[in-house]
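J.: Sending over a structure as structure tokens; questions will come in a sec.
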Amino acid sequence: MARDFSLDRTRNIGIMAHIDAGKTTTTERILYYTGRIHKIGETHEGASQMDWMEQEQDRGITITSAATTAEWDNHRVNIIDTPGHVDFTVEVERSLRVLDGAVTVLDAQSGVEPQTETVWRQATTYGVPRIVFVNKMDKLGANFEYSVSTIHDRLQANAQPIQLPIGAEDEFEAIIDLVEMTCFKYTNDLGTEIEEIEIPEDHKERAEEARAALVEAVAETDDELMEKYLGDEEISIPELKAAIRKATTDVEFYPVLVGTAFKNKGVQLMLNAVIDYLPSPLDVKPIIGHRADNPDEEVIAKADDNAEFAALAFKVMTDPYVGKLTFFRVYSGTLSSGSYVKNSTKNKRERVGRLLQMHANSRQELNTVYSGDIAAAVGLKDTGTGDTLCGEKNDIILESMDFPEPVIHLSVEPKSKADQDKMTTALVKLQEEDPTFHAHTDDETGQVIIGGMGELHLDILVDRMKKEFNVECNVGAPMVSYRETFKSSAEVQGKFARQSGGRGQYGDVKIEFSPNETGGGFEFENAIVGGVVPREYIPSVEAGLKDSMENGVLAGYPLIDVKARLFDGSYHDVDSSEMAFKVAASLALKEAAKKCDPVILEPMMKVTIEMPEEYMGDIMGDVTSRRGRVDGMEPRGNAQVVNAYVPLSEMFGYATSLRSNTQGRGTYTMYFDHYAEVPKSIAEDIIKKNSGNKAE
């Protein structure tokens, strides 16, 4: 079966934004206008098409990125709706990895908000071209110029409007198109009746100034256009469009559009911009992977149906009707249902049962998927997030995704024996779906400990265990994931010698331990000269250190950011073994704990609090009392914004405290930023508490 849409007529886009900027509503409207749904679902009524998990409809926020296919102007648009809440940044990362372009939605009253900065940063990391949609122009306090200024100030982005609004709040009635210098007026509530009119006389001067600024900004990225611009030559509409498209796909320029998705204005024009300015799979750089058996040999996955099949699995979900669904993006080649593929990441052969194209939570069966497509497969048993799927003869591994370690943990206990088995199943499935969710059994207490990216993240996962898997469980108090590190250097010896009849055990190492830079992780250097420690025992020394570091040296937390240089040692011809050198390495680490000034580190959260000015004093005092460090303040509209770094351990239950301090008028967001040293008195408490737990 031939493909319905050629590659140049395919767009893979994400909708990304801060929580409550109107992202899901915007996606809804796209689906409405592209004929995918017949009645518009409102997020605040809990009836939105994209938010199909029960928890999402209850909370009115988007948690999982549902992939949806729509058609517009003879193009296929695959849309991934991404969550805007910081606890779900991993979902955003996953989506961005497989997109070719994105629409960043801003709230016209607030402009760029903290989570916008986070997702913008992630999109920049992955080199994703973006257009910006300033939404909610009908909202009280909507200010288009202010929103655009925040893009420049907070994101340092080369962005210029390609549209201007006429009016704001209740008066928002039309949109000026600065590329074609025309105006679109809306004559009905559903936004289906649009009248193209001339730019009103009293807005002409403003439009001409804005167009000149647009041409200048785009000309800076295009030498030919710059020559014309400087020579005062006429720049035609096709020339300007082509230059905007090139600058946008090269991630050098960001067109800014305007509208209100809720009141159905500006969405069709935004869809036109997606087609006009965002790249097709042919416009983006080919994805570079490497050979499975040789990580140094690069392999290119070219967007071509005739090439070898290569795809990246970016999401795993459990569907109540068809079981495990694996969402994947095809980078090259084609795939038919019923065929076999190779999971080159795990070196496993898998059979693709059925291929589905998803629309929020309804589905359409496909026989074949082509390069550039986003689809879901049923029947892949061993494939997880970030795995590469390829043809059986192909041997490519696409660059995978790195997921952050959890910063918060809870204990969960099943209420009954029946819940115990169900909980095990639930935890396995939830970990398959979400790589930032970890679960393990504590060896000492026997408790099941779950870890995630924040309180809301774990709340929702516990909620899903109850609703989807019928697991009743008791949840313990949140626990912080502390870490340990060394502050100074020392040379130490670890010697393990045991003789108890027959063959003995002998291993002897001398290691220099020193602090590594923050985020540098563990670095092991083999500086042995002359074979004083035979080569076959070196990996055992490194393994022994890694194992011991997992349990720390002070309070049982993993030891991080440490360098270890093995420079001397000795061995015995008969008695030395891998095990003996492993033990010797762990003894060296114990010795280092006495000399290297070990400290406990705690996760520091970047917290942004927004509230009316009159509560500023109370909030600042509260932040300080939580051992927070204020990093700056700025006015935002008629509110004040405080940026601070606060230890995670001090942020539990902060939502309640903020509510009472601001009479419900304050909001905050936080995400993990870095690890920092714990004050001595608190470190002593942590050590005491942990040694008490071990004694029990």
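Just so you know, glycine gets a Cβ as well, placed from its N, Cα and C.
So Swiss-Prot lists these for the protein:
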DOMAIN    8-282  domain 'tr-type G'
BINDING   17-24, 81-85, 135-138  GTP binding site
J.: Going along the chain, which residues six or more apart from M137 (GTP binding site) have their CB under 8 A from its CB?
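T.: In sequence order, A108, F144, P165, A168, E169, F172, V258, G259, T260, K265, G266 meet the Cβ cut-off.
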J.: Averaged across the domain 'tr-type G' (8-282), what pLDDT does the model get? Just tell me the whole number, please.
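T.: The answer is 81, the mean pLDDT of the model over that range.
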J.: Where does M137 (GTP binding site) sit in DSSP terms: helix, strand, or coil?
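T.: Going by the DSSP assignment, M137 (GTP binding site) belongs to neither helix nor strand, so it counts as coil.
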J.: Give the number of CB atoms, excluding that of A17 (GTP binding site) itself, located within 10 Å of its CB.
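T.: For A17 (GTP binding site), the 10 Å Cβ neighbour count is 28.
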